[in-house]
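> Dropping a structure here in C-alpha cells format, bear with me for questions.
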C-alpha cells in the first residue's frame with residue numbers, strides 16, 4: 001500500500017511540475033525579456049524526469065517486472081523518454097531548441113496516462129505467459145524510446161515546413177513591395193539623401209533577418225536528421241529483438257498482425273526519409289514532408305492496436321483482456 005501511495009504522489013508531482021513548465025515556457029515565449037525563466041524551465045524538466053524515474057522503479061520493484069505491460073505504463077515510460085531527450089539535447093546543444101517539443105510531449109503523455117480512460121491499468125497486474133520473458137525489457141524499451149525520438153524529430157521537420165512555408169510567403173510579399181518601391185523610385189523625382197539611406201537600411205535589415213531565419217531552419221533540419229537517425233536505429237533494434245522474441249514465444253519471426261504491419265510501415269517511411277535526406281539531388285523539403293507523414297504513422301502504430309484491441313500485440317488495450 002505504501003508503494004501504491006508513493007506512486008500516486010510521484011505521478012501527481014511530476015504532472016504538476018510539467019504543467020508549470022509548459023506555462024513558464026509559454027510566458028517565456030510571449031515575454032522573451034524575462035531571462036530568469038530559462039533556469040526554472042530546465043530545473044522543472046529535470047525534476048519531472050527524476051519523479052517519473054522513481055515512479056517506474058517503484059512500480060518495477062512492486063510488480064517484479066519491467067513496467068511496460070500496458071498502455072498506462074508505456075505512456076509514462078514515453079513521457080520519461082521525452083524528458084530524457086530534453087536533458088541530453090540540453091547537454092549537446094546549450095540553446096536547446098527541442099524544449100517546446102519535449103516538454104509538450106511529456107505533458108500530453110502524462111495527461112492521457114493519468115486520465116480516467118486508463119484507470120483500470122493504474123494497478124499492476126501479473127503478466128500473461130507470452131510476456132514473461134527477458135526480451136520484454138529489450139524489445140518494448142527500444143520501441144518506446146524510438147517512438148519518442150522519432151516523434152521529436154518529426155515535429156522538428158513539421159516546424160521546418162511551417163517556417164519555410166511562411167518564409168516563402170514573406171519573400172513573395174517583400175518582392176512585391178520591392179518592385180513597387182523600384183517603380184515608385186523610377187517614376188518619381190529624386191528624393192532626399194536621408195530617404196535613400198533609410199531605404200538601404202531597411203534592405204540590410206531584411207537581409208540580416210532572412211539570414212537568421214536561414215540559420216534557424218538549417219539547425220532544425222540538422223537536429224531533425226540526427227534525432228530521427230537515432231530513433232530509426234532504436235526502432236530497428238526493437239523490431240529485430242521483437243522478431244527473436246516472437247520466434248521463441250509463437251514459433252514464427254513475423255506474423256503480420258496489425259502492430260507488426262504498422263511497425264514495418266513506420267520503418268519504411270523513416271528509411272525513405274534517411275534516403276531522401278542524404279540524397280544531394282533532393283532538397284531538404286522532400287525529406288521534411290516524408291518525416292511529417294511519419295509523425296502520423298507513429299501514432300497509428302502506437303495507438304492503433306490499442307484502439308482495435310486485436311492481434312498478438314493487444315495486451316494492455318482499452319478493452320480488458
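Heads up, the Cβ atoms here are built off N, Cα and C, so glycines get one too.
Just so it is clear, the model here is predicted, and its values are computed rather than measured.
Pulled these features from Swiss-Prot for this protein:
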{"type": "TRANSMEM", "residues": "17-37", "note": "transmembrane segment"}
{"type": "TRANSMEM", "residues": "41-61", "note": "transmembrane segment"}
{"type": "TRANSMEM", "residues": "68-88", "note": "transmembrane segment"}
{"type": "TRANSMEM", "residues": "143-163", "note": "transmembrane segment"}
{"type": "TRANSMEM", "residues": "227-247", "note": "transmembrane segment"}
{"type": "TRANSMEM", "residues": "260-277", "note": "transmembrane segment"}
{"type": "TRANSMEM", "residues": "288-308", "note": "transmembrane segment"}
> Relative to the transmembrane segment (260-277), which of 68-88, 143-163, 227-247, 288-308 accounts for the most Cβ pairs at distances under 8 Å?
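Comparing 68-88, 143-163, 227-247, 288-308: 288-308 has the most Cβ pairs near the transmembrane segment (260-277).
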> For the transmembrane segment (143-163), name the stretch out of 41-61, 227-247, 288-308 with the most CB-CB pairs under 8 Å.
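Ranking 41-61, 227-247, 288-308 by Cβ pairs under 8 Å to the transmembrane segment (143-163) puts 227-247 first.
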